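According to TrEMBL, the protein carries these features:
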- 7-310: domain 'UvrD-like helicase ATP-binding' (DOMAIN)
- Ala28, Gly29, Ala30, Gly31, Thr32, Gly33, Lys34, Thr35: ATP binding site (BINDING)
- 329-612: domain 'UvrD-like helicase C-terminal' (DOMAIN)
- 645-671: region 'Disordered' (REGION)
Amino acid sequence: MNEELLKDLNNEQKEAVTLEEGPALIVAGAGTGKTTVITKRIGWLIETGKAKPEEILAVTFTDKAAQEMEERVDRLLPYSYLNLEISTFHAFCDKILREHGIEIGLSTDFKVLSGTDGWLLVRENLDKFNLDYYRPLGNPTKFIHALIKHFGRAKDEEVWPEDYLKYVQELKLNKDASPEDGDVENEVKRLEEVAGAYHVYQKLLLDNNSLDFGDLINYALRLFRQRPKILEYHRRRYKYILVDEFQDTNWAQYELIKLLAAPKNNVMVVADDDQSIYKFRGASVSNVLEFKKDYPQAKEIMLVNNYRSPQNLLDLTYKFIRLNDPNRLEYQLAHGSTGSPLKTKLSKRLIAPHSEPAVIEHVAAKTDIEEARNVVEKIIELQEKKRLTWDDFAILVRANNSAEPFLAELERRGVPYQFIASRGLYAKPIVLDILAYLRLLDNYHESASLYRVLNLPCLNFSPGEIVEMTHLSRVKSWSLYETLKKQADALNYLNQFYKKIEHFERQSPDKSLRTFIKRMDLIIEAGDEGGLETDIEAGPETVKVLTVHGAKGLEFSYIFVVNLVDRRFPTIERKEQIELPKPLIKEIIPEGDIHLEEERRLFYVACTRAKKGLFLTSAEDYGGARKKKPSRFLSEIGFVKEEPSAEKKKGAREAFEERMKEKPPAREKAEKQPFVIPSEFSFSQFKALETCPWQYRFAHVLKIPVKGRASFSFGKSVHAALQKFFQLILEQANKTQTELFNGSQKSNPAATPSLDELLKFYEQSWIDEWYESKERQNEYKENGKKMLKEFYEADKENWPRVRYIERGFKWKISDPDSGEIYPITGKIDRIDVLPDGSFEIIDYKTGKPADAKKGIDKNQLLLYQKAAQEILKKPVSKLTYYYLENASKISFTGNEKDFQKLEEEILEQIGQIKKGGFAPAPDPFKCRYCDFKEICEFREL
């Protein structure tokens, strides 16, 4: 397996993957396979026995990147394992604070606020802020965004409100000791106002049991610094640390890594300083430059074999990015500027195995309409001539609002496209329709909403409409699937909007429609356009239109970088409205034009997405009074402005009218599967399929959100209380073991948490949603207290030896016929150690046991037993369903015959899912309790 893991790696990749101990800086240029290195590094550490999966911490910046990394590691490992610790910085710190936050006075059931949530919190409490300069009379909310962003910037540098206030006090003392200066006095007064506002904001967060994203990092740092035993526990827990996209870390995030990695410093960071493009969200390129100062003994490995782009494109972009010297790692290593005692002659010039050169052209136009037409014309030409799919093309814009002319031209020419925007949910027609309908429910005098509702189309397709839809698919050169996908997109937007409603219900004590409408109005007032989640790989082949930031990490055969004119790309620098005082900034700020260097890196990222061709486009007229100058990047990369061709010299209107006479060419479309096979499966999926395949289709294929139930809220509340209770038992046991090991305590056993603590956890964990009335909620709550008291009394004299709680796993099952491997995920409520050293697996149920005649469904625990035995390498001799309502237990143990039958059933169900076998199986009893009975045409009630 070890040789298999390393066989496709080049020498530098292999060296990075197999490094033994100590710090390492892997400089991975564009297209050099950095994700491959990280995932194979994780696989190698596990395969060679250097670490268990749960002893490796890998952090990156987006949930999607973390998920992709986990999936790739999962494919490398042929066996099952406990959950890998691959997450974002924020998710990791969230987990740490929910486990240990109580140690520094934080509630462990805190809410995490987005930037918009923070804006709303400040707006609702604006009178508590002693603002003058930053609260103009005519527009009192004008600077809320600037203040929130400023507080976030302070948190990037781990500047607490008390640090800010202390700095201002020192300024006041210095001012008082110097001759009077009106400008200095006004500046001190302004900063005093900002520092005071920061203090009020932080107090508001804590009073509302809330943290923002910056707090997650800073409170984790505070926890580790103030509670060294907790820091030591996590240092022992994570033997190896890997950081992806290290160039995107801010100062506080890097501090967190340094704290966790010490003293062994088995930390590997993978970075490319030339692709640091997130300064606007606090990223510090200086962290890459500082790493060698902090770890002078760190191993340096340059990954320079590029597997994406031809050599002529790589040489062009390398020459271009070197204009950012001396603020580049390559330059500083070569000149001994990073604190390393020796100069390092490492080159970042990328080498390509491709022999065929890339097409690199600059296409100039007169107007933005003509520019869009040229781009789409070239895409159609290449697609037809080279028999490519639409997925081979991407149009990269500097900002979302520059995409419209290209979208309009793609639509006009009948070219399928996907506009991948990170925001704009609230402007989608389906969401506008829903909001209009809700406003009308709240107030039927809302004329604008009434007009929109009266014009709502009814999605009830008649046979005639299906014929019309088929006709539309032919006229537009769409497949029928693409036509229907328009409705699937609407359903996706609806699902995303539903999540916003769920978020409101969790956050707001007043869950009325009127309060929701008011909140939505405030969110839109705050400038929040609604975040969009887009799956770039789903659906039929399309030309992708997206921002350069959104294209990071992606690749396409042909890239069109558009709008290359002055003030668009590079953009003009927009300084922060409220800048952080320089004495409070801890990162090392490079000298030079920092904004231009960041824009240059962004252009470098755009160009290095291309595999076969790069087209750079510009126009003279974008609708303003003056002609636009070509971008300085065009001359820096070596292009001289082209003279327009004869056709381009025609007036824009004549050329446009001439094109309008053309008929869009009919094109074949490649269809993909109507649904995506799950990348992993779970017991709940199999249970839904077993209950009714049509129900599975609703829940797991269409992913229709379901209404909550009181029983679910109650069950989650009880489970969470027990989890916190046993987590405390485990922590106290670990603390006792540590003290015994250190010789600071003799043989006193760990104290068992009290019943009061269990009930306190229950109060903290209570979910007050989906109960039909306050009275019914109180009944449930009192019943829960009774259950937990009985649970405590039953075990208080002889508490079990708990080994794991809420333990996630990923077990792999192999199909003996096809050889395919399918991951099955799950989470075990509790694993105890029995007197003989074997394990008992316990699953809590908040109801009563089923009728003895009907028997119990053993498959869930059999699956857990099979997974636990393979992963933990210890026998499981007991499986127990613990029914909390009457404190009863049903125990059994699986044998090989049970496991064989279980695996056969699972493989059969997976086969059914792969075939799309979702035939309805109506049944009066099942349908009565089905979440989808209101929309199912096959129901039997």
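Backbone N, Cα and C define each Cβ position, glycine as well.
Here the structure is a predicted model, which means the values were calculated and not measured.
Location within the structure of each feature annotated in TrEMBL.
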{"residue": "Ala28", "record": "ATP binding site", "contacts (Cβ under 8 Å, 6+ apart)": "Lys34, Val37, Val270, Ala271, Asp272, Leu303"}
{"residue": "Gly29", "record": "ATP binding site", "contacts (Cβ under 8 Å, 6+ apart)": "Asp272, Asp274, Met302, Leu303, Val304, Asn306, Lys348, Leu350"}
{"residue": "Ala30", "record": "ATP binding site", "contacts (Cβ under 8 Å, 6+ apart)": "Asp272, Asp274, Gln275, Asn306, Arg308, Ser309, Leu350, Tyr604, Val605, Thr608"}
{"residue": "Gly31", "record": "ATP binding site", "contacts (Cβ under 8 Å, 6+ apart)": "Asn306, Tyr307, Arg308, Ser309, Leu350, Glu555, Thr608"}
{"residue": "Thr32", "record": "ATP binding site", "contacts (Cβ under 8 Å, 6+ apart)": "Leu303, Val304, Asn305, Asn306, Tyr307, Leu350"}
{"residue": "Gly33", "record": "ATP binding site", "contacts (Cβ under 8 Å, 6+ apart)": "Gln13, Leu303, Asn305, Tyr307"}
{"residue": "Thr35", "record": "ATP binding site", "contacts (Cβ under 8 Å, 6+ apart)": "Glu68, Met69, Arg72, Asp244"}
Ala28 (ATP binding site): secondary structure state under DSSP, collapsed to three categories: strand
Reported mean pLDDT - the domain 'UvrD-like helicase ATP-binding' (7-310): 89
Cβ atoms near Lys34 (ATP binding site) (within 10 Å, other residues, all chains): 22
Residues within 8 Å of the Ala28, Gly29, Ala30, Gly31, Thr32, Gly33, Lys34, Thr35 Cβ centre (excluding the ATP site residues themselves): Asp272, Leu303, Asn306, Tyr307
